[in-house]
Amino acid sequence: MTTLKPGDIAPKFILPNCIDKSIKLSDFLGKKVLVYFYPKAMTPGCTVQACNIRDNLELFKSKKVEVLGISPDNTNKLLTFVEKKMLNFTLLSDKQNIVSKKFGVWGEKIFMGKKYFGIYRTSFLINSSGFIDKIFFKFKCKDHHKIILTYLNSKKSD
């Protein structure tokens, strides 16, 4: 699990989006960003999570929060995910797991007694100066957007 904590500077990264355009975290300096890591596009939990963000994106935007979803999927799979689910925010491909390792969300997991390596579903709210404001983990996919919006609503706007 991540060793990052609120107050730490968010690790810098450059990743391709679903149409192979390079996106840098530094492109968002001056804006708040929700960087959320998810295991695999088009799977049930990840689809629920992404569609709930899609359906509530205006609420995130009203809090001046941009959304970036990151997974180990290739750009073609991300494009399919975006098109099939009509996603209205940016998905990034971390095929080599370099960024997920920088954020400390890639590691050994156990499912039904089998060990494997994968993404720990984790979200980082990064402030407009590039520092981690809040880390969200151990949540149900269907509640992800509610937890983050509740947190955003509890803060004074900046």
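Backbone N, Cα and C define each Cβ position, glycine as well.
Feature list (source: Swiss-Prot):
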type	residues	note
ACT_SITE	CYS46	active site, cysteine sulfenic acid (-SOH) intermediate
DISULFID	CYS46-CYS51	disulfide bond
DOMAIN	4-157	domain 'Thioredoxin'
Let me know how many other Cβ atoms fall within 10 Å of the Cβ of CYS51 (disulfide bond). 16
Under 8 Å between C-beta atoms and at least six apart in sequence, can you list the same-chain neighbours of the residue listed as 'active site, cysteine sulfenic acid (-SOH) intermediate', or say none if there are none? TYR38, PRO39, LYS40, SER71, CYS141
